[in-house]
Ligand code: HEM
């Protein structure tokens, strides 16, 4: 009986939705709504977003609107139109969307709620501390922390895992786990600092374990699934947040200016509880490692898989550092300066190529009023207030007209004649934007310079200290699409690799 009632209810809801749903107005982009109430085309999009968008582009052209999870999203599929979209700073806003999603995900009150005057602007200004002069300081600190963690844990230092490695020939490990343990801790130490009496926090493995549990649920939280429906996720998030309570952070030394400034900003607001402040710091932890760790994995994975690429990048490194052929970790630790990092163009190209292949971030803007969106010199499209305008750069990254053999990793794709290659074309026109793993325009990732630096620093140390190979019989790593739209994709499963001190 209750089954019949449920079916009737679903039927009534679907009918009401079909009758009441949006009608396309003249001149508006083609409208694709599906028949499932609220979800619309969400399931098709989630299953394989790239294929879904490509199919619709073939049917409806470069611009179309899709109803997904309660939102009308207009996708702009032609990268030649991107520059035009980015000019709409006032009418197309990023922060409104972020302010809806971030509080539900990380557990702090919305910044733009009116209870925290000027906090949004102060936070935006703090992002400058990830660039310029501060970037040099961050790079120095990151280099020291990478050396510390790598040498102690993996290269025969006094750490638990390191002991016994020297002289034992090849060791094996899980590549993602390896990148995660080194990058997570080194990034954490660089941004948040170390416990006053020691160089390393004693509970980093536990923090990382909880972080991974939370991160597994991240796509569902961003998709607005209430946290109480997600098992232990709320308890895990509370544990993670408690890690950053002000009384704990006060005891850490060598905190970066970026985090110190954010703490100062948060202190100005009595309307924030200590737990709210800690939740803000936790959100930055996610921003700083959530994408960087998988990006590091792919950068290293592709190099190890293509030994010719690895050797070319290593040769460049030796030339820039003017080092002899081998540099083992027993010799004084290598310091690669920010200036030297900037000279590693082939490594840059290799990192950017792995980002091209693994990034699937969606750039989202919310229309602040009804207006006509100019797409290029000939075309414009009416947009309604509250609609979402979305760019999906993965389709550009994988477009064979722009990147020949787009599925293939070519470590030197972004270098030509000893310089960075910047000319890529669509329909015979040069593209202004052809690589967008870090988003676009006003909301572009403020940590992008730091992120590229730290990935390059990690590669430098590994290539100098270690021989690296894939373990025998490993299958190719595959992209896990479950976080499509949200940044760098993870591998579906970890892969085994071998390393030996050079
Ligand atoms: C490979 C690593 C990284 C990738 C691929 C990445 C990507 C992104 C993307 C796509 C966005 C959203 C931009 C948009 O929608 O237009 C973003 C925002 C952000 N990222 Fe990153 N990111 C990385 C590393 C970092 C690091 C290391 C930090 C900090 C140290 C960081 C801090 C942030 C912050 C704070 C925001 C929010 C900006 C705002 O609210 O305006 N990111 N990132």
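Placed from the backbone N, Cα and C atoms, the Cβ positions cover glycine too.
Values in this document were obtained by computation on a predicted structure and should not be read as measured data.
The feature signal peptide is assigned by TrEMBL to 1-27.
The substrate binding site annotation in TrEMBL covers 291. Look at residue 291 (substrate binding site): DSSP puts it in coil.
Among the features that TrEMBL reports, heme binding site is placed at 445. Counting only same-chain residues six or more apart in sequence, the Cβ atoms lying under 8 angstroms from the Cβ of residue 445 (heme binding site) belong to 438, 439, 451. Residue 445 (heme binding site) falls within neither a helix nor a strand when secondary structure is assigned with DSSP, and so counts as coil.
Counting only residues at least six positions away in the same chain, the Cβ atoms of 451, 487, 488 sit under 8 Å from the Cβ of residue 291 (substrate binding site).
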